[in-house]
Amino acid sequence: MEINYELYLITDRRFLKGRQLKKVVEDAILGGVTIVQVREKDVSTREFYNIAKEVKEVTDYYKVPIIINDRLDIAQAIDASGVHLGQKDMHLNIAREILGKDKIIGISVGNVKEALEAQNNGADYLGIGTIFPTGSKKDVDAIIGIDGLSKIKDSISIPSVAIGGINKTNFKDVLKTGIEGISVISAILDEDDIKLAANNLLINK
């Protein structure tokens, strides 16, 4: 499966401001988002399932891949394109056994060692970060910056996206590293005009 990682949106209901998630995701896709990850940490399994199912209706319509954060059971239940796992989540090899070879598995990494391990274990792509300070992740151990991103990117051969504090003022510097895409939350979801916010993060608009 050929995946376009150029503009990777991660959901977060805290930024909805009363708006419908389906509408927000649709506007983001119309603005240029190429892949969507459903990431909702503080909800019940049933609620997460309902949220993911709702988002998948939109991503299916626009033929955009949908990734589920951490929850393999939800990914299987809605037949998502794949999952994204952190360093403390289920091991990649076990996730691959459960999901099979045709599903996408992404791994969060913050240094070269983690990146090479994930690549060697068969990750389809990496989420590299945290690049810049951000308010949406509370357990950030280290900000790696553009230099750290470049070192990791240069050490691997699989696709990767950068994450952490990326916005319309700095995304071009991030893309200069040769990374396949940028992953954002508030840079799109915290804006009033979702479609425009997404479009402002495209290098070739």
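Quick reminder: no glycine exception, Cβ is built from N, Cα and C everywhere.
So that you can see what the record holds, here are the features copied from Swiss-Prot:
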- Gln37, Val38, Arg39, Glu40, Lys41, Asn69, Ser108, Lys137: 4-amino-2-methyl-5-(diphosphooxymethyl)pyrimidine binding site (BINDING)
- Asp70, Asp89: Mg(2+) binding site (BINDING)
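On the structure: features taken from Swiss-Prot.
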{"residue": "Gln37", "record": "4-amino-2-methyl-5-(diphosphooxymethyl)pyrimidine binding site", "contacts (Cβ under 8 Å, 6+ apart)": "Tyr8, Leu9, Ile10, Thr11, Ile66, Ile67, Ile68, Asn69, His84, Ser183"}
{"residue": "Val38", "record": "4-amino-2-methyl-5-(diphosphooxymethyl)pyrimidine binding site", "contacts (Cβ under 8 Å, 6+ apart)": "Thr11, Phe48, Ile51, Ala52, Val55, Ile66, Ile67, Ile68, Asn69, Ile74, Ala80"}
{"residue": "Arg39", "record": "4-amino-2-methyl-5-(diphosphooxymethyl)pyrimidine binding site", "contacts (Cβ under 8 Å, 6+ apart)": "Ile10, Thr11, Asp12, Asn69, Asp70, His84"}
{"residue": "Glu40", "record": "4-amino-2-methyl-5-(diphosphooxymethyl)pyrimidine binding site", "contacts (Cβ under 8 Å, 6+ apart)": "Thr11, Asp12, Arg13, Glu47, Phe48, Ile51, Asn69"}
{"residue": "Lys41", "record": "4-amino-2-methyl-5-(diphosphooxymethyl)pyrimidine binding site", "contacts (Cβ under 8 Å, 6+ apart)": "Asn69"}
{"residue": "Asp89", "record": "Mg(2+) binding site", "contacts (Cβ under 8 Å, 6+ apart)": "Asp70"}
{"residue": "Ser108", "record": "4-amino-2-methyl-5-(diphosphooxymethyl)pyrimidine binding site", "contacts (Cβ under 8 Å, 6+ apart)": "His84, Leu85, Gly86, Gln87, Leu126, Gly127, Gly129, Ile163"}
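A strand conformation is recorded for Asn69 (4-amino-2-methyl-5-(diphosphooxymethyl)pyrimidine binding site) in the three-state DSSP classification. Classification of Arg39 (4-amino-2-methyl-5-(diphosphooxymethyl)pyrimidine binding site) by DSSP places it in coil, neither helical nor stranded. Following the DSSP three-state reduction, the secondary structure of Asp89 (Mg(2+) binding site) is coil. According to DSSP, Ser108 (4-amino-2-methyl-5-(diphosphooxymethyl)pyrimidine binding site) is assigned to a strand segment.
Counting every protein chain shown, 19 other Cβ atoms lie within 10 Å of the Cβ of Asp70 (Mg(2+) binding site). Counting every protein chain shown, 22 other Cβ atoms lie within 10 Å of the Cβ of Asn69 (4-amino-2-methyl-5-(diphosphooxymethyl)pyrimidine binding site).
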